[in-house]
Amino acid sequence: MPQKTKETPMMEQYLEYKKQYPDAFLLYRVGDFYEMFYDDAVKGSQILELTLTSRNKKADEGIPMCGVPHHAIEGYIDTLVDKGYKVAVCDQLENPADAQGKMVKRGVTRVVTPGTIMDKSSQAKDNNYITAITSNRNGFGLAYADLSTGEVKVTSVDNELDLTNELQNLDTKETVVYGKFPQKYLDRLRKIGILISKIDELEENYSFDFSNITSENEVSTVKLLISYLIKTQMRSLDHLKAAQSYETSSYLLMDHSAQSNLELFKNIRTNKKSGTLLWLLDETKTAMGSRLLKQWLARPLISVDKLKQRQQLVQVFLDNYFQRSSFQDYLTKVYDLERLAGRVAYGTVNGRDLIQLKTSLEQVPEIKSILLDIGDDNLSAYVEQIDEVADIRDLIDKAIVEEPPISVTDGGLIKEGYNDQLDQYLDASKNGKQWLATLKAKEQESTGINNLKIGYNKVFGYYIEVSRGNIDKVPEDRYTRKQTLVNAERYITPELKEKENLILEAEEKSKSLEYHLFDQIRSKVKKQIRRIQALANILSRLDVLQSFAVVSEDYHYVAPEFVSGHQLEIKDGRHPVVEKVLSNNSYIPNDVFFDQETNILLITGPNMSGKSTYMRQLALIVIMAQIGCFVPATSAKLPIFDHIFTRIGAADDLISGDSTFMVEMREANDALKHATENSLIIFDEIGRGTATYDGMALAQAIIEYIDKNVKAMTMFSTHYHELTELESQLPGVKNVHVDASEENGDLVFLHKVLPGPADKSYGIHVAKLAGLPDEVLTSASKILSGLEGNSVHTTLSESIHEPAAQIQAQPSVTPVEDETQLSLFPEEKPVKKESKKENQVIKELTSQDLMSVTPIEAINLLYKWQKKLK
Ligand SMILES: Nc1ncnc2c1ncn2[C@@H]1O[C@H](COP(=O)(O)OP(=O)(O)OP(=O)(O)O)[C@@H](O)[C@H]1O
């Protein structure tokens, strides 16, 4: 930071502002540039790839400096904010010419932060939530707002885990804290990419609707959020809606890992929307609809009544194809009303925005009449509530031209006939131009100069231009020379100057009157923001419901029936996303059935047969049902679930430094502790992250625990075939397997789920499909046969209770020489005497615990061995 030398007045002013915004890049307007100094300049020049210069080049210790042109500032702000930084914009508040040698008045006019940035077109379909968190004796408060749509919500949670989950589910980029908050916890949030903004003082003087919140803790959490918004936004927050309190338990709960494991919003491999449930379901026509769909998916309902209402409207859209299509046509012409309302409140709305608002409102009467025409009582009752906001539509129609300019200060915005005074000015300026045209003709005639022109420039206004060849014809007594160009001379006349005053005055006055009128219109629209928001709310709901109808029709989904009690029956269920991706109806449908007695479906089957798909399919069907959508099945009877827990795939939590197995156990623990008999648990190969016996023991103990204590409907896939014996020991466990068959030594996946356990695991067949070298496969088959021949397995329940020493003392398996056992790969060559390298590979291979390796690990091992042998 700065040295203690005497600063110039400007740098003193800069440092004063910088002191107020120490955690933001301060962009400080100097002339046509926004400059950064000191550390901001050093860091900013790197991030924005700007040239770093020095303010005081002569001095040894020049002040580092870099700048961006004022007209390009928005792009630079976006880049900084995208990277998680804050930016404070310090503007010149007066024209430098008026400062009369004194320091130009400046002030910070806005602070842009990751949680409050608005209007990024790339994010039209996403909410950007700024959050605030508080801690209290009973737990934590969490409030969030989307500044561009005006939504404000607040909730309370018991513990840090739930708080983090909620923050992650909201995908917040920034959270506000006040006073003391456990530092360790804040560090964790920073690690998952959330910017922490601290404030030291709460704002007092503002009006905001707290009437829907009763809890004091929640009120203070919202107050914290609003205080931060006032501090950073420095403009009207009138569009913020009344804060709503919500309880996380009034929705189907899914923690962040469940949301990402089930690929609701982001594809795990690409991190993109493609291949996700959102991608499949999003046939919305408006950005508001798309955002609402995302919110519904993040918070499925648990109220059967509400779900039935949604289902019923989906059915109406399904039954009325033609009305649905024309409704869609009109919807596509509706702009983002929520965000337009936000811009109106912020005062950043321009003429084009108002025309977008008008165009959107113009669609509403048509939309209403199409929907009422369907004649469905429920839909009609809903549609009747639509306020067309016709007064605003008519006002804009009367006042604003159809194609207004972007700028609101340069005129050209207001329609003729809207204001008498303005019409007069416009007339004067128009007449003036007509007068100029007549003057030109007159002068051409009187001087005989045919190419005489009349032009205008900012320095000396209107002039007559005569080309050099005609100068001798200029009437010197009437014309006064003003400017000499290479090929022409420019003149003025008293008559021209007199008229010029009138024309320019009219233009000037009309511009300022137009701005004044525009401002009045903007204020009138601002007063009706609540009505525009209410309209946006209804249209976006209808948009999502029509989207459900489109998807349900395209993929032949059915309305699920909600049943009470511990039972579930899905006929011909499909994984919606895999089905969409697979071409020509090649998806094999499968039933799922839980009766009163069944708690756990134990799923076995070869790798790649479809176990994970089958389990995910159930979770996605449940989620689709609980957002009111139809589901991929020929029939579905489902209970209402309260919570979905998943343990799927190998997700290392690199941030917290936990290993795969640790994450696996943490997620299992979460489910065992919090699941109820109304929950759904999806456990994909629990226990595979550790040694076979440990893994198997844990898996069995978990199954027993769920069956005895939790009683949640559970799908449990495993490669531990020994676990299938549990069916005979535990009343709630039922075996199913995904079928596969062997044809001429090749594995054929049937993807059909059948009752009972799988007979074989076919791991080596899958390795063959992956293209591993014959030599490795042959070797693996030999070893497998040896293992099977020397089987050391006692029954599982016996083995897991053996002392560790005894387990380790079991005989290690040596390669088997008996070729008669090799049936898998008949064309194999005679076994030659092993070299040192081969012996090493065989040794590693035989000591490998095949039951505990994942398919990926197996492929890696095989790759390593092949490399060695080569
Ligand atoms: N019912 C089905 N119909 C058609 N194809 C399917 C079906 N189920 C799964 N598949 C296909 O099989 C592939 C593998 O399925 P999945 O990942 O569910 O297997 P898995 O048994 O869980 O394998 P692993 O045990 O190796 O994890 C899927 O990507 C999908 O393309």
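Every residue gets a Cβ built from N, Cα and C, even glycine.
Since the structure is predicted, the reported quantities are computational estimates derived from the model, not experimental observations.
The Cβ of Ser609 (ATP binding site) has 26 other Cβ atoms within 10 Å, all protein chains considered. The ATP binding site feature in TrEMBL is assigned to Gly605, Pro606, Asn607, Met608, Ser609, Gly610, Lys611, Ser612.
For 679-695, the entry in TrEMBL reads domain 'DNA mismatch repair proteins mutS family'.
Less than 6 Å separates the Cβ from ligand 1 in the case of Met608, Gly610, Lys611, Ser612, drawn from the binding-site residues Pro606, Met608, Gly610, Lys611, Ser612 in sequence order. Compute the center of the Cβ atoms of Gly605, Pro606, Asn607, Met608, Ser609, Gly610, Lys611, Ser612, which mark the site for ATP; besides them, the chain residues with Cβ within 8 Å of that center are Thr613, Ser717, Val738, Ala740, Phe749. For the binding-site residues Gly605, Pro606, Gly610, the greatest number of Cβ atoms within 10 Å around a candidate Cβ is found at Gly605.
A sphere of 10 angstroms centred on the C-beta of Asn607 (ATP binding site) encloses 20 other C-beta atoms.
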